[in-house]
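These notes are about the structure you will find just below.
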Amino acid sequence: MLSETKVIEIYTDGACSGNPGLGGWGAILRWNSHERELYGGKEYTTNNQMELMAAICALNALKESCSIDLYTDSVYVRNGISLWLENWKKNNWRTASKSPVKNMELWQALDGACARHNVRWHWVKGHAGHPDNERADALARKAITEYRQNGYFKG
């Protein structure tokens, strides 16, 4: 059952050292005075894939269905989820030009993660001083740094 009274704020970001290259994602989940930071990464990936992973992992971390305000600085994620996704599904995961949707598995995972929740998507300008977006970016970069130092992702 969807908890309409519990509204979660989520801030997500992805980063890549080389594109493609070593990548990280970060997310901040906030409910009232409670806050949780998540981060992780992948050895060989793209920035867009990490942006998607940040949202997927944040949504999947929630144990119950909630109302969510999700903030991303990715125009790709915002447009994909808000403008393109329904048509991709109707067109058997093909774009309007009939080519296969890039990152289809991640889009499908995001669609599935969203299905449990009432998600309102918000775009924020990246690297423009928004404190929570900057923190999500720092978490994504932390994942990359930790991998370089340890040889694995700790997050």
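Cβ from N, Cα, C; glycine included.
Sequence-distant contacts of D73 (Mg(2+) 1 binding site), defined by Cβ-Cβ distance under 8 angstroms and a gap of at least six in the same chain, are D13, W123, V124, K125, G126, H127, N133, D137. Residues or ranges marked as Mg(2+) 1 binding site by Swiss-Prot: D13, E51, D73.
Look at Swiss-Prot and you will find D13, D137 tagged as Mg(2+) 2 binding site.
Taking the domain 'RNase H type-1' (4-145) as a whole, pLDDT averages 96 in the prediction. For 4-145, the entry in Swiss-Prot reads domain 'RNase H type-1'.
The binding-site residues under consideration are D13, E51, D137. Their Cβ neighbour counts within 10 Å are lowest for D137.
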